[in-house]
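Asker: This is the structure I have questions about; it appears just below.
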Amino acid sequence: MEKKPDTNQCIRGRHPNSVTVSASFLLHLSSVLGVAITYWVAQNFFFINLISNPTQTLILLWVVQSPILILLFSLLRQDPQQCSYWKAVGRGIIGLPIGALIMAFCGVMLGAPIGIQDLGKTVNWSLLMSLFTIVPTACVFGSSCKDWLRIFAHTEPGGVIDIIICVPSHGALLGAWFGAWPMPLDWERQWQEWPVCVSVGAVAGYLIGIVVSLGFVLVVGERRELVKEE
Amino acid sequence: MKEPIGKWRLISPFFIILILHCIAILLFTRGFLLTRTELSTFSTCSDISNSPCNNPNFNLTDDQNQNDSRGCWTKPAVDRVVIIVLDALRFDFLASSSFFEGEKKPWMDKLQVLQKLASDEKSSAKIFKALADPPTTSLQRLKGLTTGGLPTFVDVGNSFGAPAIIEDNLIHQLVQNGKRVLMMGDDTWVQLFPDQFGKSYPYPSFNVKDLHTVDDGCVRHLIPSLYEEDWDVLIAHFLGVDHAGHIFGVDSTPMIEKLEQYNVILEKVVEVLKNQSGPGGLHENTFFMVMGDHGQTLNGDHGGGTAEEVETSLFAMSLKNPPASIPSALYTASCILDSSGKKVCASTIQQLDFAATVTALLGIPFPYGSIGRVNPELYGLSSGTWNRPVISASNYKQSDLEKWMQNYANVLCVNSWQVKRYIDAYSAASVIGFSLEDLRHVADMYDQAQNNWSQRSENFSLCGNEIPNESCDASLTILQGQIDAYSNFLASVAELARSKWTEFDLKMMGVGLGIFVLSLFVHTIAIRRSDKLCQISCPSNGDCHISLRVISAIFLVAIRACSFLSNSYILTEGKVASFLLGTTGILNLRYSLVKKETLIEAVAFLLLNFVLRFTTEVGLSKQEGLSAFMNLYPLRMLAIDHEHPVLAFVSNIVPMLTLILLSYLLVKSTADNRCSSVLKYVYNTGAILSYMLIALHWALESNLLALPLVLKHVDRDYVPRMIYAIGLGLLALSALTHFFKKETSNYTESVLTKTIGMLSACSSTVILLLGRQGPLIALACITGGWCITRFGQLEVKTKNGIGVFTADPLPVTQWSLFAVCLFFSTGHWCAFDGLRYGAAFIGFDEFNLIRQAILLTIDTFGVSLILPILGLPLLVVLKYPYSQGTGGTQGRGIFFVKLSQVFLMYGLITSITTILTVICVTIQRRHLMVWGLFAPKFVFDVVGLLLTDVIICLTSLYYFCRVEDGTK
């Protein structure tokens, strides 16, 4: 938290901290609500859930979630003067399939099934993963290599925006990683099949990440306020 | 000047650990792996003349009924036998529900036709509680039932691939004595007895989810066969109950439906048998049995030794009623009144006794290895055992009962003689036989019983021919005493055999495990000590914080080790390893991004993981027998599919091109190595020559090149042998130069030369044995090893300080995980059917145990154990630029300390996983899959650990040469 990059400082100069904190609350609230409502709708109106129809549910999740996340995170783009809102949206839309490709590669490398019958599941799962991890960063930072490295390699989130992007996406990655653990067990439950428990892990990790990031944001916000008062 | 670090101080821990592991493994294995030697001797009819008992034939000489009693060891009591095996028949499926406390469960009293027969006074039928011996798996049980022995995990002499029984057994005796056997149902029987059955209708048993195929097949053939005359023994094996249990559990509708279906079938069978049981009928003297091979738990599991699993049932009925019932002293039945006031009984029988009793009933020799006793209740059910021919000249009138008992005592006499003969033969033939004390005790009991009987039977034969005297009044009590004496002898033999063959020696296992844990401590202490050695020689390394890398290394090893506690993770061990390796790859990528270096390596490593993951999948699918997977994966097709000409050409040419690439890499890697040029050229030419020979061998094999006929006449085995010879020659050369050549001052370079020399000497043999996939796998090895060493270098460059460990544990962990992945991706897995026997015969046609075992070991562990350990020094050496190699004593000391620490860490990782496997088999020793899954895994891990230790010791002797030289 001590070494804040310059780019963030200028954002902070224009936007008061409190706005960013409350904005991050709203943003996270809407993404949580998005996930929850989508799942509720899937269960009660389409009569599908992750276990019985993983592909359809995943499609529904990412189709509903992607406009929410892309549109909202594009609002937080890094340098609004040089980069228009729609450009940020475009970055997010391009980032989605590219991220999905990376996620699918990692998933298959770590052991996702590779049959033709699993292709749809893998594609939709990786789109969802991409949405949780790559897309927000793409919307906000675009192709700025330094910022990507800061978020994903160094894992040293500098400001409020960094925190709300970095922590939930790492949560989703870790959740998916741990979610794969019960898969080989011979309990013969339906939820052990690819990609049910990995998706559940990813969503759970993402939600936990959101809660944690909000906590961090609060701490950072308070600290800044103290700095200001001094 | 700091204290110099001696060579022996560094390598002595390896030897201590090797010795500790050897002791631990020896003790644990003695306690855990029950072994039994299979004797290939068979009983024959004429053997009986050696026995001290009355020969039934001899007694029958005057008999009018001589024609129909072609007695062999005992007098035949039944003509035909119908055996219906209901797999996993619990005792409470058959026995009346009034035997069990509590309310009646839904699956009870479903086989009412048998219950009615058993409680009917007029019919000679009985329900038995049959006690099986663990392991309660179908294959072992069928083996036990037919041989009358106690099959164990390691039946020495059993050929690994084919499960066919080579011991003397019931079926063999039946065929040998002219009985025709008809089999239908479970195809396990056909595997066990490939060519004994006159006629058979086998159905596949492997699909557990299929409840009906086997049963329907049985039903289709069973009833018509009962009207046929062309068999003497009919075996029908139904699998539905077993499969229903595995899938749905005992308390389920499919299970109850199955039992009801069986009731209908059995009703029909009994009806047919009864209709034909009149005088002159087909089934006038037929013996009918319905039995389970083992029980099952309420969840449908079996394999272990709990009461539910070992208690199965046996229903027996003779279609000819005996004149009386056997003396009450021989009864084991417990009778109670059921709800309607009817008396229901159930006796107890050991499954061990089955083979002996059936052979006695049929009058054929007992299987040589049978240690069972002829069960009086089962034997007495048949009327044929009662009408012992009356010795005509005698005035003396024996009662039916007395005659039966005399007959039975004689049968027991034969039985005891046969068991005694087996025990003696076994002790003589087996390496680990019975203890002398036990043998003497058993022999005493036998002699006592036998002496008694000899006197008595003399008297009886006197009675038969002359005027009765007092001794002929062989009262029932004396006969009873005699029967008891034999029974006691047989019981004590069975007890002895059980303790030897079915019970784990927990004390021994515990001690072994304790020593294992001790070795772990020694390992850790050794690593810590070498740390201290290093700090003595360079005190600057003060900081002792545990870095993230150390934690992640420990975490990875811990996950992998703990995964062995579950059978599912053992089954998918390859996947788990590749998952963990992939994770380290991602971590490495992240790390390289941070450092902005070795990015290409990180990505290459991920891609390599991607490829390895596919090949691992193929390996696993091969284990599951899904050959359909094969066609999906291009890499494997190179090794397997030869049908399409273009594909065949590609599959032949790609490995050879890869070989050329390998030689190029070898030359390039040694090109900038300035020292010992002569040696270098020898190694290079040797390796390249053997690569060329490998290519030639494959070309000859596949007829790829239209080689002149001259070459074809050359013995094909000649080429592989030359490759082995070159490999051995290079190894010998390395050893010689090690002893005679003076050490160069540049120690890193000398170790590097040695490592590359060793690798090139061994690689050709390993590649050859792996087959077409060999060069590709070798390429994967090189790529993976290079990436991992580069990551290690990265750490050195960025962090000059030394953490808790002098050497970095993360690359070592990666190295070990990578080796495990290679094991699985080369198509191996931890089971005996995963061994590639074909590889053992490359270059040799005839079998030689030691030679073929060595080749098989090289094939199995070559790429996953031998090459990685030989290549371990690369992790340390490549961290040093060449110029540093000439540094002073201090640098030299640290270098070798690091080298030893890398070896120690690798050994520690291997032993941690092995110890967890050992703990796992200890906990799961009564698990369903202990013999199918845990025990093979245990054997593989233990062999791997010992091999690791031995290779580490040998290579350390070679690599750690004269450390102290530089100090003098």
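Glycine too: its Cβ is placed from the backbone N, Cα and C atoms.
From TrEMBL, here are the annotated features:
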type	residues	note
TRANSMEM	B:12-33	transmembrane segment
TRANSMEM	B:508-527	transmembrane segment
TRANSMEM	B:548-570	transmembrane segment
TRANSMEM	B:646-666	transmembrane segment
TRANSMEM	B:678-698	transmembrane segment
TRANSMEM	B:718-739	transmembrane segment
TRANSMEM	B:815-832	transmembrane segment
TRANSMEM	B:853-882	transmembrane segment
TRANSMEM	B:902-923	transmembrane segment
TRANSMEM	B:938-960	transmembrane segment
Asker: Six or more residues beyond either end and a Cβ under 8 Å away: which residues meet both conditions relative to the transmembrane segment (B:508-527)?
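Answerer: Sequence-distant neighbours of the transmembrane segment (B:508-527): 13, 16-17, 20-21, 23-32, 805, 901, 904-905, 907-908, 911-912, 914-915, 918-919, 922.
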Asker: Which residues, given as numbers and ranges, are at least 6 beyond the ends of the transmembrane segment (B:678-698) yet have a Cβ under 8 Å from it?
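Answerer: Answer is 652, 655-656, 659-660, 662-663, 666-667, 670, 704, 716, 719-720, 722-723, 726-727, 729-730, 733, 737, 753, 756-757, 760-761, 763-765, 767-768, 772, 774.
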Asker: Could you give the residue numbers and ranges of same-chain residues that sit at least 6 residues beyond the transmembrane segment (B:718-739) on either side and whose C-beta is under 8 angstroms from one of its C-beta atoms?
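Answerer: Cβ under 8 Å, 6 or more out: 679, 682-683, 686-687, 689-690, 693-694, 696-697, 700, 754, 757-758, 760-762, 764-765, 768, 842-844, 958, 961.
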Asker: Taking residues 6+ outside the transmembrane segment (B:12-33), which of them lie with a CB under 8 Å of any CB in it?
Answerer: 153-154, 504-516, 518-519, 522-523, 526, 529, 900, 903-904, 907, 911, 918, 921-922, 925, 935, 938-939, 942, 945-946, 949-950, 952-953, 956
Asker: Give residue numbers and ranges for long-range contacts of the transmembrane segment (B:815-832): same chain, 6 or more residues beyond its ends, CB-CB under 8 A.
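Answerer: Apart from its flanks, the transmembrane segment (B:815-832) reaches 160, 556, 560, 570, 573-574, 577-578, 580-581, 584, 609, 612, 615-616, 618-620, 622-623, 770, 773, 777, 780-781, 784-785, 788, 860-861, 863-865, 868, 872, 875, 906, 909-910, 933, 936-937, 940-941.
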